[in-house]
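**Student:** So TrEMBL has the following annotated:
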type     : residues                                             : note
BINDING  : GLU81, ASN85, ASP127, ASN140, SER147, GLY148, ARG380 : ATP binding site
COMPBIAS : 709-719                                              : compositional bias 'Basic and acidic residues'
REGION   : 692-719                                              : region 'Disordered'
Amino acid sequence: MSAFAVLRSSLRTQLRRSAIRAVAGGNVQQHILPSQRMAAIQHRSFSSSPSESHEFQAETRQLLDIVTHSLYTDKEVFLRELVSNASDSLEKLRHMQATGTAIVDPDVPLEIRIELDEVTSTITITDTGIGLTREEMISNLGTIARSGSKNFVQQLQQAATTGVDPSKGIIGRFGVGFYSAFMVGSKVDVRSKSALAENESLSPKVWTSEGTGTYEITDLDEGVRQSRGSSIVIHLKEDYWDFINESRIEKILKRYSNFVGFPIYLNGNRVNTLDAIWTKDPKEVEHDAYVDFYKYIANAVDDPLDIYHFRADAPIDVKALFFIPSFHSEKYGMGRMEPGVSLYSRKVLIESKSPDILPEWLRFVKGVVDSEDLPLAISREKAQDSNLIAKLKRVLTRKFIAHLSKMVKDDKDKFIDEFYREYSFFLKEGICQDYEFQQPLAKLMYFETSRNTGKDLISLDEYIGRMQPEQKDIYYIVSPTREAALNSPYLEAFDKAGVEVLFLFTAIDDFVMANLDQYESRKLVSVEKGDIDLSALKKGEDDEDDDSSSIYKSDRELSPTEVIEFCHWFKMEVGESKVASCTATNRLSTSPAIVTDNESGAMRRMMRLVDTSEGNRDGIPLPKQNVEINPKHPVIVGIYDLKEKEPTLARVLAEQVYDNCLVAAGLLDDSRSMLPRINDLLVCVVNGAKLQGGSKVDDSSSSESDSDNESKPEEGKKE
């Protein structure tokens, strides 16, 4: 801390202490303002009458110490608890008025006022609610863990005098929230005057305690004004004088109590200006109100893409309001988003951005969930029943997925263009993480295929509807681009058989298909599998008789014996450490060979990204591959013919064929390793072309000289 800051703090402390001493000695200095003088008087005493001292009933000093020092994790929660108590006091009075009970000053508005005094370091929270008599102070404030609000609700439920739910709007339950004031206060005064007309003759009382196990109750001094209701004055400990800061108190109020059903004023200014619109009927809420509320809770500048406002009654009665933003920030590299839904109980914040309300894959959703029946921990900072919360999470997740399905039915194009293209990653994450909702989420997945374009995505249900009757499985290929997928050798057999293939483009798609495994009792099969049999399916337009690719057809085919011989030679030349097996296949037409049953190329690339080991120059070892050759392809036939005549060239060609297979499968970590070999092959091609060109020149020259020789005798004869 700077010297200036230390000096300023010291001067402020001296000013407060001198003000109190001056008032206590009856000699108020001229530099103290009237408001400071009154605060200092309040700090000294609220009563000149004899006081009666009491011990806290039924509880020990140790329990009070636990409540005030160990129960709450955040000191600022004291303000939420005291504002909630004030709200309960106002709610009780409103219920009394509704039942016809005579009230003192019935025209006084129901409100909560908070005043900060820097001179005396006090926070005063005043409500115009039901108030307390002397006996009620002893009963409610003098007994720790006794909730006056809870008793009030129980009495009304037993009486059942009205058809209105008496618990509606009542927040308090445990009777410990009031004592949170001792977390930050060295002394707490409660001034109160009963609002019931039958108690109008009773003088206002002041309850005072330092939280050490005893309290005092006296008549309120006539010089201190106390209207109907209660005022809680917290004399802050020196360590917590920073709570006198008005902007900080306003921030705390907006965080926890912004939707309390009564006006809250801080130093005369209204703080809570937004309504808890999630408690209203959706038909009563205007769209602009939804947009304003979304921008507030999400701290957003955009309008929401979609709004889902509903009420659920199982396992407990909850009101929920969810928003889907028009975009999310993770795609811009801003890190993983926090959960976006906060938990409320009776309009009071219990847990901001709760991780327990929705699954992690729904972290892009913004909104609130509120329940009047939610079982809370005593500190009211967390829900208590973990099993019940887990059930609530499943209910909310199921309803949100159902809402997405409704979006598809209402406007499929909007769902795909605006929601799916923005949030498909989160749905895929849900399939990988949330087994219970795999199938419902799979219905919301959309794909490019070998038949349609990137603009025309189809669902798995649509894919099944377009399948041939004989087709049993759903086929897919993972590729970095659409062009790479269309040119993949793995697609050749499917094109010939007229089988549509799903195109997947990201690493997470591999995890999705592996976790999903099947859809509607149909297996999800990668086209890179080696045991695929398409013989039962009808041929497509590209039949074997089509000679459009005659360049890739050899004048002969390797016999079974030659295939065995070639495969043995290929495995030995390429290396037994690289090739696990080599067999012939009839699924290829324009490609000489492929590798099958291999690990996913996309998954391998992702594994390389997360590999943090030092000094690993060779990267992640590549497992042995199963190679399938096309015995009709001119490259394979040519290599077979060259392996005896030109063994070195044949070996280089075999190595290139193997690397080409890895490239097609996305398994070659660094394609630059092929460059020297490719250059050697290019040299061979160029030299071969030169030799072939030279022989043609020699042949033409000799033919010309022969013709000249033949013409000369004829010319001589003519002569």
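Any Cβ shown, glycine's included, is placed from N, Cα and C.
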**Student:** Between ASN85, ASN140, which of the binding-site residues has its C-beta surrounded by the fewest other C-beta atoms within 10 Å?
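**Tutor:** Fewest other Cβ atoms within 10 Å, among the binding-site residues ASN85, ASN140, is found for ASN140.
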**Student:** ASP127 (ATP binding site) has how many other Cβ neighbours within 10 Å of its own Cβ?
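**Tutor:** So the Cβ neighbour count for ASP127 (ATP binding site) comes to 27.
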**Student:** Count the Cβ atoms, other than its own, that fall within 10 Å of the Cβ of GLU81 (ATP binding site), considering every protein chain shown.
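**Tutor:** So the Cβ neighbour count for GLU81 (ATP binding site) comes to 25.
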